[in-house]
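Taken from TrEMBL, the feature compositional bias 'Polar residues' applies to 46-56. TrEMBL lists 74-191 with the feature domain 'PX'. As annotated by TrEMBL, region 'Disordered' applies to 1-56.
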Amino acid sequence: MASHKHLGSPGWTGPISQDMAGTTPKASAPHPDLPRLGPEDYLDAQDSQSSNSNMTTRELQEYWRTQKCCWKHVKLLFEITSARIEERKVSKFVMYQIVVIQTGSFDSNKAVLERRYSDFETLQKKLLKTFREEIEDVVFPKKHLIGNFTEEMISERKLALKEYLSLLYAIRCVRRSREFIDFLTRPELKEAFGCLRAGQYTKALDILTRVVPLQEKLTAHCPALLVPALCAKLVCYRDLERPAEAFAVGERALQCLQAREGHRYYTPLLDAMARLAYLLGKDFVSLQKRLEESQLRKPALRGFTLKELTVQEYLS
């Protein structure tokens, strides 16, 4: 384990994050605010409960007060603003533009994305497997064999798809489900992480900057779900030699983790933040101390760097 003096040495390369492989805790029953989601999706919300035992009563009260605020429902409005016909060599389909806006205040980070009818159809099939009773009154726009490209049909389907998304979002267990969140964010996140793996950091950042605000709104009940995307932004900023921006987004990621030291990103993130703090002339000592304490509480055989961890996301 590296000491503080190693940080000050020329060409410092340690400490390295501890190996998180094989240390994933067994899944427990999901929090009542996180219904019907698999343990792999909410691992980050459950894997640090043991670390809370080291906190004082006041710290625990403050921690859960913060979590309660995080679970406050963010209301979103869905609009299908336009549609375009796309023709390829062997297919022809309509792409619908979806705009997602947070209600109640001016939203400068409205999300704009495109999905085709088959994407909505796939979402419906997945939701039926898990939420058949919950969505039994939600009408899904029927598929037509002919007339799909007429102006009248496209206008009619735009309204129907808007209503469909609004009705799904009104059902708490659905709007917090992996299926619904993935429908609205996964294609863009998958593209962004693919760009990161290819070393296209500027392009990855551009995509992440557009999709992260939407992901944040959809996962307000469990902020730790935002951590992989935030860490991807950190890696991009750092490799583009923009350390101040990397450090800022890293602070945000640490805030999302709160006291969740068991989270797979916690140790690699602290490691990266300590290095950035040293580079920027900030307080790296406290970050290094947190890192060493975390490694003592949860020793591992081998470490993953933050970059090694992020490039493994969205491979499938």
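Placed from the backbone N, Cα and C atoms, the Cβ positions cover glycine too.
Any TrEMBL annotation is an automated prediction that lacks curation.
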Reported mean pLDDT - the domain 'PX' (74-191): 93
For the domain 'PX' (74-191), the number of residues DSSP places in helix, strand and coil: 52 helix, 29 strand, 37 coil
